[in-house]
Amino acid sequence: MSKKALLMILDGWGLGDQKKDDVIFNTPTPYWDYLMNNYPHSQLQASGENVGLPDGQMGNSEVGHLNIGAGRVVYQDLVKINRACADNSILQNPEIVSAFSYAKENGKSVHFMGLTSNGGVHSSMVHLFKLCDISKEYGIDNTFIHCFMDGRDTDPKSGKGFIEELSAHCEKSAGKIASIIGRYYAMDRDKRWERVKEAYDLLVNGQGKKATDMVQAMQESYDEGVTDEFIKPIVNANCDGTIKEGDVVIFFNYRNDRAKELTVVLTQQDMPEAGMHTIPGLQYYCMTPYDASFKGVHILFDKENVANTLGEYIASKGLNQLHIAETEKYAHVTFFFNGGRETPFDNEDRILVPSPKVATYDLKPEMSAYEVKDKLVDAINENKYDFIVVNFANGDMVGHTGIYEAIEKAVVAVDACVKDVIEAAKAQDYEAIIIADHGNADRALNEDGTPNTAHSLNPVPCVYVTGNKAAKVEDGRLADVAPTILKIMGLEAPADMNGQILIK
């Protein structure tokens, strides 16, 4: 039997420990309580390996909506590369083979550059160590490492320890630390080309403070009051590790935003006014796709094409769908939900409600929830859509402020909106699944009572609003939502979706 389906995503609405830190539990939510008492519900895992992230890593809205829409676990870049390093399949990666074979056959140097820290946001030391090992295996003596120091995703003076770790690994593997510079210069993303020039001059022209002991040079920088992020260019005086014509460069950052500008000046665009010119014949490898417009660069781990998402599949059946959210979460119910696709599918309507223009959302905890609700109720009453997905942003966006009283107000607003939407949906014969993409408002305090502004690792709810009194809903993970929606709609899930159907 086929029904129209409504998928409601309450952003940041996890299932907490029901103690003081759990604002959702501690705030009066009469309609949520009614749903819990009258409809089948279960828990979904929304973090770590269940959503394609490393074990123990909290989920986020981008990853959450990607998994929800895909109907399968979508492995994130970090996990894909970790796996390739662990099972040695990286050795068969055709781009790795081409890079190291070319260097060996042509007597060229190999350069690894990237953020040298264990912050886990832009790069991984594990990947760098593996690259050193591959260089050793190919017998490439001229292997140079250019270290961009962190201090943002790590402690501001942790960099010296990372340089020590890397030096120790190079002793038994391959590679020499040729240069060091702070990410402030090497990883700018705001077109401050004068900063990028500092990194360019270091890498290409060997301009910087000469040092024979790179660990000692880090300590000297600290002694001068300059911490990791802002480390001025340091050159290893014991070797010439500058990047030359025809060399191999592997930029081992897997996150793209702060890897673009340096890539531009080395490979894409001459900037004579800034004294920066691209290097002829450079064999340049990016860990992941940094920018679709880049020409002549190699990509070690290409973007996974997520085909047959929930939105695409519903469109292929000639059905009508609506995606609605306020600005803060609009990209999540469109671009991410549709597998990283910007353009709407056939018969896919979108409603964007502007988020309020306030400095921080504790100043307006209800955000634009009531406006989203009003537009959604109107759309439901049009009786035009076979499938609707909506996101209410409050639990997450107000949760990030860490201000308890504001989060309480956000929860109250969401509860009121859920009521109006679900009652309208029931009246128009929709069945609804209510979930969250990850937790946040369910853990507003740390153990010591200080505000917690981060996402939680808690599971999230899955409520099945149906007229079928015998219905049950099983525990699962976010990847199980799309096949479950299709079941409600009387459609068989495509083979690409390996998530489980949760309703029985």
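First residue shown is number 1, and so on along the chain.
Using N, Cα and C of the backbone, Cβ positions are placed for all residues, glycine too.
For the Mn(2+) 2 site, Swiss-Prot gives Asp11, Asp437, His438; the one candidate out of Ser42, Ser61, Ser368 that the record lists there too is Ser61. Nearest Cα neighbour of Arg258 (substrate binding site) among the listed binding-site residues (Asp11, His400, His438): His400. According to its DSSP assignment, Arg189 (substrate binding site) is coil. According to DSSP, His455 (Mn(2+) 1 binding site) sits in a coil region rather than a helix or strand. According to DSSP, His400 (Mn(2+) 1 binding site) is assigned to a helical segment.
Of the recorded positions Ser61, Asn256, Ser61 has the largest number of other Cβ atoms within 10 Å of its own Cβ.
In this structure, the C-alpha atom of His438 (Mn(2+) 2 binding site) lies 7 angstrom from that of Ser61 (active site, phosphoserine intermediate). Excluding the listed site residues Asp11, Ser61, Asp437, His438, the same chain places Ile9, Gly12, Ala46, Gly59, Asn60, Gly64, His65, Lys329, His332, Asn391, Asp396, Ala436, Asn440, His455 with Cβ atoms within 8 Å of the centre of the Mn(2+) 2 site Cβ atoms.
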